[in-house]
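Undergrad: Provided herewith is a single structure, encoded as structure tokens, for subsequent inquiry.
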Amino acid sequence: MDMAADIASDHFISRRVDIGRITLNVREKGSGPLMLFFHGITSNSAVFEPLMIRLSDRFTTIAVDQRGHGLSDKPETGYEANDYADDIAGLIRTLARGHAILVGHSLGARNSVTAAAKYPDLVRSVVAIDFTPYIETEALDALEARVNAGSQLFEDIKAVEAYLAGRYPNIPADAIRIRAESGYQPVDGGLRPLASSAAMAQTARGLRSDLVPAYRDVTKPVLIVRGESSKLVSAAALAKTSRLRPDLPVVVVPGADHYVNEVSPEITLKAITNFIDA
């Protein structure tokens, strides 16, 4: 089943939420306990719509454009882990729907674990997809280069799709289309990313900060998900993380690269539900 192909007829409520420190754009669907989704660097909330459709019969699913991304505010500074974590805490408090399950990919995983460690009273549990401590410098160098290369002018949506398909060769076409249609804005001469290039540069640098304290200190349940062929989280980084926290469950998704939730949405969905229902 192609989950990304099924979203056209499903209704999502999109709105901006003022949490006091910043205004964040969110997409919402469903009812029940609160489940928040946080995307990776340069991405936006739309990438989680296929998963939200499948989970919205049990949960109030809300995907967030994180600061500097999508249609959320883009301050000039403030792109460290604690800045993003404070946004998560502010959003949970503003929504006032009780403690939340956090599902994060990459940057979103880093931010979710940081928030859970810093604000345990606001978080029920975390699904951390393909971002751990101990990521090698070379992997972060490559990520930063990809991020900075994405700030360019595109002639039209087809040019965006072609660029994204080359950048993310394992992401299915329907998921590429979601990224293309949700992540770019018209400007003179074509289309540019909605994500702020200055914010992306600061965020990429911030991903190098030490994540060991957050993983060491977090007391809420955390599921670690890694793509088997991820070029960001190596098998060695995952092994060191498991030695740091042998109590945290791990799912390695066969055949998936870093973009686990888009490449393997069905396995991601099963991992989330098995973890929550355990």
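First residue shown is number 1, and so on along the chain.
From the backbone N, Cα and C atoms, a Cβ is placed for every residue, glycine too.
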Undergrad: Check Swiss-Prot for me: it has S106, L107 binding chloride, so pick out which one of I22, I41, I176, I178 it puts in that same site.
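TA: Within the candidate list, Swiss-Prot flags I41.
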Undergrad: Compute the mean position of the Cβ atoms of I41, S106, L107, which form the recorded chloride site, and then list in sequence order the other residues of that chain whose Cβ is within 8 Å of it.
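TA: Checked against the 8 Å cutoff, the neighbours are H39, G40, T42, S43, H105, G108, A109, R110, F131, T203, L207.
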Undergrad: Could you tell me the maximum Cα-Cα distance in Å between the residues recorded as binding chloride, namely I41, S106, L107, rounded to a whole number?
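TA: Largest pairwise Cα separation, rounded: 7 Å.
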Undergrad: Run through I41, L107, D130 for me and report the recorded positions whose CA is within 10 Å of the CA of H258 (active site), in sequence order.
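TA: So the list reads D130.
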Undergrad: Find, among the recorded positions listed as I41, H258, the one whose Cβ has the highest number of other Cβ atoms within 10 Å in the structure shown.
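TA: Ranked by Cβ atoms within 10 Å, first place goes to I41.
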Undergrad: With every protein chain in view, what's the tally of Cβ atoms within 10 Å of the Cβ of L107 (chloride binding site), excluding that atom itself?
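TA: A count of 27.
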Undergrad: What is the number of other Cβ atoms found within 10 Å of the Cβ of S106 (chloride binding site)?
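TA: For S106 (chloride binding site), the 10 Å Cβ neighbour count is 26.
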